[in-house]
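Asker: The structure under discussion is supplied below as structure tokens; questions concerning it will follow.
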Amino acid sequence: MFNAAVGGNTLTAEVRWCHQVVLCFEDQLERSSLHNNCGDSGGTAELVVLSEDYSVQDFKRCLVTLVVNLPWVVLLFPLVLVSGSQTPRKTFFLSFFLCVQECHLCASDMLFSCSVAVFILFLTAGSGTTVYDSYNEFVEEDDTPQLDYKNPYWCHSPGLTNGEVTCRSPRGGAHRSTLGTRCEMRCDRGYRLMGRSSIQCLPNRRWSGTAYCRRMRCHVLPIISHGRYSCTQGFVVDSRCDFTCAPGYRIEGEHSRTCQHGGSWSGVQPECSDTDPPKIKCPPSRLKVAEPGKLTARVTWDPPAATDTADKSLDVILVGQQPDTDFKEGANIIRYKVYDQARNRAACKFIVRVEVRRCPVLPPPMYGYLSCSSDGNNYGATCEYHCDGGYELKGVSSRVCQFNRNWGGSPAECVPMEIKSDVKTVSALLDQFYEKRRLLIMSAPNISDPDYQLQNVMIQKSDCGLDLRHVTVIELLGSPPRETGRIKERLLQFEVIEGLRQAFRISRYYFSMVLLDDLGLDRERFITPIASDELFSYIDSFMLDEEERERLELHRDFCD
């Protein structure tokens, strides 16, 4: 409320339930057009005064601010002219057109900020009962309404879309529009009251304010990664939004959120997490027979492919032997594993079994041995027969293990070699023993020689041990013309006896022994009888190779 003296009169401006208004009055309150720069809206503000008898002499400017919400508002302001000596009061109306944009009006220093809708301006001045406009047109006075508290429709019946109006009237609850009625405005659930929550029917037959219900909304929910949501009523109050995740993902948190009264969502925003592991399938287990003559088999397969509902590209990790390589006999476990980006793990395995087909173990021949390739009795292995010195092979020389697990051919055997004692020369005799047997030549003056008698007893007792060591005994006894030579019971020719004595320098006149290797070389001489253990120890240490020692160990118990 502000007052000012105008030529002895009083100018009163009252702003009710509005924000500020700026009016810039010129020297006379006559028709003036106030243009603005509201852009394309083309809005103007026009002040129309229906009398030329009243003017403002002392006010070049009066500053009041107006804020309007509606796009265009036609405001009718009752202008009440009051004379100090005359009655009754006369009421006139100013028509004001406003645009709702923030703008500046460029006339008469008037600043205009568009935000609010309604105000009522009362102007009172001191004289006159009849008002003329600037064009000298006669306008009848408006009578001031007479207050009538009994009129049931003093104000128009209030209404509130999407809300409820509760009125209390001095004339009782059945009256909603009588003078003095006060109404409370409440919006339905999901709506917010904009404007006054309480209005009153005024003497000017208008309500003291306006209000409307604006629908409350929650903010738009953000999209969740790898998921989506669907809402029952959009983003208004009581709308429920249900969240779902893409295949391979699961909701972590609440599955739904509800728009609450007040414009906030219930709960917190959920997330879609990848909890499903990838899927991987290994190739089937397989059996492979080892190749002929080998204990391994080359096995190949296609690596498995992994899939995941969330990730498109996955790295499959092999744990075990690579495909297209040689696998050993038995079960070989092959594993594959895969991880997705969320470190969910999947794995599979299969078995590569390599079978080595085998024949029964082939026994060595009596007085002989076998030398076999590969593992001895596996598919494709070859075993060769060998006989000890003094024995000859009778039958096939080798046998092969076949796929049906049987040996090819028939077993061979070692039979004693046939010694030809009726040969005429020493070389013919020795050739029969070359690389086959060792020779122990024993010489004595006669059969009754005590050293010979003693040595002969020991030789007969160790006959099995000598045979294991491939030693053949040749005896040279006596002197010509009764000199004899023999290999067991087989007698030698005189020329052979004489040749042996000369070749190895063996005397007829005392006891002696000469040990020859399988090449016919003189390795050791003895001039006194020697025990069997000493003789065997010498032979084992200096005349046997490694293979012969191993076979000797296998058959050592044979002579016990």
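The backbone N, Cα and C atoms fix where each Cβ goes, and this holds for glycine too.
Below, the features straight out of TrEMBL:
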type	residues	note
DISULFID	Cys245-Cys272	disulfide bond
DISULFID	Cys387-Cys414	disulfide bond
DOMAIN	165-215	domain 'Sushi'
DOMAIN	216-274	domain 'Sushi'
DOMAIN	273-356	domain 'HYR'
DOMAIN	357-416	domain 'Sushi'
TRANSMEM	63-82	transmembrane segment
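Walk me through where these features lie, including what they touch and how far apart they are.
Answerer: DSSP classifies Cys272 (disulfide bond) as strand under the three-state reduction. Around Cys272 (disulfide bond), a 10 Å sphere centred on its CB holds 21 further CB atoms from the protein chains shown.
In the three-state DSSP classification, Cys414 (disulfide bond) falls within a strand. Summarising the environment of Cys414 (disulfide bond), the number of other Cβ atoms within 10 Å of its Cβ, over all protein chains shown, is 21.
Using DSSP to sort the residues of the domain 'Sushi' (165-215) gives these counts of helix, strand and coil: 0 helix, 25 strand, 26 coil.
Mean per-residue pLDDT, taken over the domain 'Sushi' (216-274), amounts to 91.
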Asker: Specify the secondary structure state of Cys245 (disulfide bond) as given by DSSP, simplified to three classes.
Answerer: strand
